[in-house]
Amino acid sequence: MAERDHYHTIDDPNVPCNFYDTVNLTGHTVFPNGSYDYYGTIVPAELVGTYDYIHSSLTERIEVREHVRGCVCKFKSCLNICCPWRQVFNSEVDGCIIDHSDNRTWPDPPMLNITFRNDSTILVNMFAQFAIQSFRPCPKMFSLQPETSHWDDYLLFENGSMLRVDDQQLIRKNEFCMVPTYVNESDMFYTIHPANCDMQDDNSTVKIINAYAMMFSIPFMMLTIAVYLLIPELRNQHGKSLVCYLVGLTVGYTSLCYVQLYQVDATGDACKVFGYTAYFFFMGAYMWLSVISFDLWHNFRGTRGINRFQEKKRFLFYSLYSWGIAVVFLAFTYIAQELTNLPAYLKPGIGDGVYCWLDMSNWAAMIYFYGPILVIVVANTIMFIMTAIKIHGVQREMARIIASENSTKNLRTEKDKFGLFLRLFLIMGITWLTELISYFVGSDKGWSKLFYISDLANAMQGFLIFMLFVMKKKVKHLITNRCSSVRDGSNQRQSQYSTKTTSSSVANLSLHEKPSVEKPLVISSSVDPQKTTIFR
């Protein structure tokens, strides 16, 4: 709050009022007594001053030629518009322009619902009710459109301030501006709504923390992938599925980290590339999670867990299923964003000039991301429950009969796998389920703070998976054996190379020596010929 107050108080002491309470009087009628007529509002001489600067944003002051400004907001409520009336902001020129190709109708006069001190709400003429300022508080503005989402509901007050309903944030008049908006491309008229800044708040802070947590997590996922690829005993069906799952998470995390930490231009092609890449690999990862759940259930479906297909064919089928469905989701999302005229609140939002990732402020995230993941989590839960029931049934059956040693060992092995991947499911399923809940209550700042911990845990999944799948006793033993075998193999190869080199040297030497015929080689009878090595 102190920083926001700073925006309202800092200014030149030689001017009659703060810049944000002024309007530019250049070109307006001046009276002999020094007062000015500003669109029918008389600005007294004592509230007129010469300014040699402007504020191009809330934080940036620019020196300009001296010009006259009047403190009209000192005696009349002001309302800020982002661009002069009938002009729109153009990102290519980074300024306001008159768009002659735009055929939409501007409201004349613009009517706004204003809430007064007595809590009454009245539809008023914007130009009659307020003195109009034109100022863009920050480079990136986000318009509120209550027609598309109740999270965009707001209240405009008679003093020119605004209440953002979803988080009950009171926004001062110079921290937002009114902008012409439309819902559908086919709309032929503008509606005037406020646009607010992407201010640094608790939510953006959490995004930064999550990004660094993901960076911390990525090396652990890569280590887990390396361990499961390099150790033959771990390259079974479940191990290969885990590797594919981690590949999806690693690429997805890397893409999101780059977007969040390096501030990728939301209007550029790189934004779309990172956004769609992250989406594809995240969806692929969750399809592999469903594969793991299905394969565990499949192994317990029969009393002896007999596989129907050879492991290689089954892995190929699983790969086509997981990555294939991820491609289908990617195509569906891309078409919805790039090739349709859907309303903005039904588009994914990837690379739309505002977001590189999905738009989390409306139902788009539910349709294209959280919805499919919710289905996967529910399906995984059902399969895990069915597998647990089957394990319990097999245990009871084996307790009633004399089980063979192999059957008991196989059951124990499958139980270990089930327990391991059950913990993986708990890490992934429950964490993402809490994130789904946080998505629904995210507009309520009081509730959403409860999910900051789950968001952080979600971002640190790589570390948790590394501890679960690599730091277990059996895997560490396999790593030790693998390192020992590699070291022994290296020593053995070195020894063989040394032996061959020595043999070759002696052989070469014998070619240059004259054979001794006077003194033939004699082996002493005291030496066992079977244990004697002879180099000629």
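Note: Cβ is positioned from N, Cα and C throughout, glycine not excepted.
Of the listed cysteines Cys78, Cys82, Cys197, Swiss-Prot assigns the disulfide bond with Cys138 to Cys197. When the topology recorded in Swiss-Prot is consulted, Asn236 and Val475 turn out to share a side of the membrane. The N-linked glycosylation site entry in Swiss-Prot, when matched to the candidates Asn33, Asn406, corresponds to Asn33. Per Swiss-Prot, Cys83 makes its disulfide bond with Cys96 among Cys17, Cys71, Cys73, Cys96.
As annotated in Swiss-Prot, Cys17 shares a disulfide bond with Cys71, one of the listed residues Cys71, Cys73.
Candidates considered were Cys78, Cys82, Cys271; the recorded disulfide partner of Cys177 in Swiss-Prot is Cys82.
Per Swiss-Prot, the disulphide partner of Cys73 among Cys78, Cys244 is Cys78. Burial estimate for the glycosylation sites (Asn33, Asn103, Asn118, Asn184): highest at Asn184, by number of other CB atoms within 10 Å. The two recorded residues, Cys96 (disulfide bond) and Cys82 (disulfide bond), have Cα atoms 9 Å apart. Mean model confidence of the topological domain 'Cytoplasmic' (471-536) amounts to 54 (pLDDT, 0 to 100 scale). By number of Cβ pairs under 8 Å, the transmembrane segment (366-386) is matched best by 274-294 from the list 211-231, 242-262, 274-294, 418-438. In the topological domain 'Cytoplasmic' (232-241), helix, strand and coil residues by DSSP number 8 helix, 0 strand, 2 coil. DSSP assigns Asn103 (N-linked glycosylation site) to coil, not to a helix or a strand.
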